[in-house]
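Feature list (source: TrEMBL):
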- 1-23: region 'Disordered' (REGION)
- 10-23: compositional bias 'Basic and acidic residues' (COMPBIAS)
- 53-85: region 'Disordered' (REGION)
- 64-73: compositional bias 'Basic residues' (COMPBIAS)
Amino acid sequence: MPSLGPASFDTDKESFEKDKERFEKNKERFERDKERFERNKERFEIDKEKFKINKEGSSSQGKVRNRLGKLRNRQGNIQKRQGKERFEIDKESFEIDKEMFEEVKERFEIDKESFEIDTEMFDEDKERFKVDKEIGILVRNCQQPNFQNIRITVPFQVATL
């Protein structure tokens, strides 16, 4: 046990002063921590309320998302079914179009043959036209007034055309 003499009193006084300074610093730190705690407590309460709202909202949002997902799946299934039906209809119309194409192709072949025949006939008609044209020129030349009263002089005879 320390002696209670004047030297120990001075040491105790110094340590008391140091402890007092430490206490003041700790008191100031405590006040700051207390203010920070109050601010954090307010933030915590606000965050707690937000969490409750988000938690409630998220569960209802999840349900809504699930419902939307199911609706999308149903719509997808309906669209698949409609797509299959459209495919069947398109397939049938393709078959019909194919048959029509074959008919048109046959008609085209017939038309092509008749065109070739018509071309041959045209060539024949063209030759006839040339001949008819030459005959027409000759006939026309004969019908012109200049040739109506031509007198051809034959020795000792006069002929009139």
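Easy rule for this one: first residue shown is 1, then count along the chain.
A Cβ is built for glycine as well, from the same backbone N, Cα and C atoms used for every other residue.
Quick caveat, the model's predicted, so the values are computed rather than measured.
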Q: Would you kindly list the residues that approach the compositional bias 'Basic and acidic residues' (10-23) from elsewhere in its chain, counting only those six or more residues past its ends and only Cβ-Cβ distances under 8 Å?
A: none
Q) What are the DSSP helix/strand/coil residue counts across the compositional bias 'Basic residues' (64-73)? A) 10 helix, 0 strand, 0 coil
Q) What counts of helix, strand and coil residues does DSSP assign across the compositional bias 'Basic and acidic residues' (10-23)? A) 14 helix, 0 strand, 0 coil
